[in-house]
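Asker: Please find one structure pasted underneath; my questions will follow.
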Amino acid sequence: MSNLKLGVEVVSAHNLMPKDGQGSASAFVELHFDNQKFRTTTKEKDLNPVWNESFYFNISDPNNLSNLNLEAWVYNLVKTTNSKSFLGKVRLTGTSFVPYSDAAVLHYPLEKRGILSRVKGELGLKVFLTDDPSIRSSNPLPAMESSVLTDSHRTQAQGPVQQVQNIVQNMVQGAFSNDKAEARHTFHHLPNTNVPQQQHPAAMSQEPGRFGADQMRAEPQGSRIVRMFSGSASQPLDYQLKETSPILGGGQIVGGRVIRADKPASTYDLVEQMHYLFVRVVKARDLPTKDVTGSLDPFVEVRVGNYKGITKHFEKNKNPEWNEVFAFAGDRMQSSVLEVVVKDKDMLKDDIVGFVRFDLSDVPTRVPPDSPLAPEWYRIANSKGEKNNGELMLAVWYGTQADEAFPDAWHSDAASHHDSSAAGSSYIRSKVYHSPRLWYVRVTIVEAQDLVTTEKTRFPDVYVKAQIGNQILKTKPTQARTLNPLWNEDLIFVVAEPFEDHLMLSVEDRVGPNKDETIGRTIIPLSALKNVLSKKDKKDKFASRLRLCLFLEGGYHVHDESTHYSSDLRPSLKQLWLRTPSIGVLELGILNADGLHPMKTRDQKGTSDTYCVAKYGQKWVRTRTIMNSLSPKYNEQYTWERPENWKVRIRISTLETGRVYTHTYPLLVLHPNGVKKMGELHLAIRFSCTSLMNTMLIYSRPLLPKMHYIKPFTVMQQDMLRHQAVNIVAARLSRSEPPLRKEVIEYMSDMDSHLWSMRRSKANFFRLMSVFSGLIAVGKWFGEVCTWKNPITTGLLDEEFDSFPTSRGSELVRMRYDRLRSVAGRIQTVVGDVATQGERFQALLSWRDPRATTIFLVFCLLVALVLYITPFQVLALVAGFYHMRHPRFRGRLPSAPINFFRRLPAKTDSML
């Protein structure tokens, strides 16, 4: 039987709704989980009660933990009628439960029970998992009898010993009584008054607790994974994808198929339709003055219930033009009246110029592709109701997120409490970005001629330093006994359009240790690089010369993300894109997130301001920022043209054409103590194929452009160039509005994937073991039959003769460690590549890529027919001539079978 329990500490509540008619409330909390119910003591006449009481629930089925919910209901005790009134509730999903070491007191905002409920305040809880056998679950609460609610007040005055005696007596009576009415008793948990019991009991034990089937021992620098189920599955159930059946704009999704609804389908058919009240404030005219000076600094305040949006203000302008749009979420509106107020900006208090009111029941509904609603002039009324204070041009309508005004509008669910202006919302609204087009610049340093040095008694020890922006490369020093040194070295840089930087070249002479002297310098603007064939000095004076060749390498693809899951592999030169036609359209619907962890504290409660970023090719998209929500609803849809590449985080080649995939994806993040789930993201994805023939031909084409095979880069060059490319993209997109932060781009581009990591090495090793698990099993069986064991081979290192622990200096040990990391990083890459090849072969047999498997079966059928018809001698003769063909007939591009195999999916894109 599993000892896994759920611990809940009810800490306190804050700013509760008064319910007793005297401006106060007598609050208590009911906890519901897995058909168990507990209750705290009652705090009389306190809108900010403090309990500090702990409860422990038994978890009957740890495998089903992710489907269980913890509910905390806050009630007010009504003594006169022996009843309870609702104050609010908190609902937590099983995916958000963490071990005790990671748990913290979080203040959750209270939710409504229904539309008519009046709720405010928050509840402080600490929720955690433990399987310490020394902890016993709390006594269950069989029934909530109103007559026994008042008993909690009397038990608070009793001592701990008397409370224990009462609880034991109630348990005995409840166990042996035959009368059900008399057997109902309330079992209260002991309050933690002055007893130091806030520490977790497992902390007092010598043996650390266990979670599920895996031990959670705090080993230094070791990863730790909490599994919510028993067994030895390779992936925790809580980390797996979960298929859903939501009702979207096109209908309900069942098994990837759309069940059409009676209403017409929307253009945003991959997201849930969200209704908004749109208010477009265009301009005003003939506004009256409010100041003694006769000036007016007008702005407009749009209010619906507790939400308000503010336009920018104009100084000394009676006829301002704003042309700003405000969108109020339909599910959050708590008023039936829309107020548009024109105010005069003042230092102390803003003066009201006038207002316009709308009854929301009279507002029309607009459904695209209908034309935009034409704005109208409305007379502004003053506080007395007189409409002689100028006019305001407005347009008010109901719509959805498919409205063209939605992306640039101010949103009530994305508005900050500190800044309700439309100008401030521009930093948190949705946006589409495009990465700059990147190029490689090859600088070939040939030689220098007629160098002039300050010291005539020696030959210079010179090298060339080249710099573009923050990229600095140097040639190797040459110690030729001449003033005309020769290098013939290539220096590769990454640049972005438009070419605003300059190429700065300098010839340096190493005159001493860590001391260089500049012999000469030249600057070449990259904007004129296409027209520069050679650089000549003036002929009227003597000068040293530097021979070099400059190339804009348009035949390469500049990698700004890892090759394993790159989403764009087209070359830099657009003229070569004609060879990579579009094969379809990729559509993504970002629905919502659930179970997010609070990342900040605002108003003494935990909350998060979240947005979602997606990338495919050069197109980045960012949803609007949802403020103060741990379960944000985005419901935004985006579309990409599908070029000829196949490797993305969500692998497109494994998607069926026309099917809608709706899943919740776990949000995982790496911490020093292991992988931690931060919530779930709900997505809808659809791939529509426009050309089946082009799709099949893609498998025979090389994955990279032709230049990568004709003149390939070294591994060191690829890592260095990719690092520079990511820095350029991050610098460019961080200057957009709203900015896309550098750490977001580096995280999504997996900037440090080439560095050595014990976690990645271990994961690659297990991938390799999984691929060869069948052969390993056969080998073990054969060894047991023959009673033969393979000897263990050990390798000798230079450090083998050193003592343990080492007796060398810290610098030498650091050098050994850095060298070990470098070698281990290469071994990690090799192991991963070998595992990738085996996984590709397994994917071919498991129909993970149905198109590739179909092509493979058709190819096998044709090969079988050829082998059946053609004699073996003829096949051997043809194969011999083919492999012995002249180099003139050999191409540098990989063959079609190799291209086909490299496009098969692997588990590389699933690694963090």
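A Cβ is built for glycine as well, from the same backbone N, Cα and C atoms used for every other residue.
Reproduced below are the annotations present in TrEMBL:
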- 1-108: domain 'C2' (DOMAIN)
- 258-378: domain 'C2' (DOMAIN)
- 422-540: domain 'C2' (DOMAIN)
- 565-685: domain 'C2' (DOMAIN)
- 855-882: transmembrane segment (TRANSMEM)
Asker: Excluding the flanking five residues on each side, which residues at least 6 beyond the ends of the transmembrane segment (855-882) place their CB within less than 8 Å of a CB in that stretch?
Answerer: 696, 699, 844, 900
Asker: From the DSSP assignment alone, can you count helix, strand and coil residues within the domain 'C2' (1-108)?
Answerer: 12 helix, 56 strand, 40 coil
Asker: Give me the DSSP three-state residue breakdown of the domain 'C2' (422-540), ordered helix, strand, coil.
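Answerer: Taking each residue of the domain 'C2' (422-540) in turn, the totals are 10 helix, 61 strand, 48 coil.
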Asker: Taking the domain 'C2' (258-378) as the first stretch and the domain 'C2' (1-108) as the second, find out whether 3 or more Cβ pairs fall under 8 Å, excluding pairs closer than 6 in sequence.
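Answerer: Touching, no - the domain 'C2' (258-378) and the domain 'C2' (1-108) miss the threshold of 3 or more Cβ pairs under 8 Å.
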Asker: Determine the mean pLDDT over the domain 'C2' (1-108), rounding to the nearest whole number.
Answerer: 88
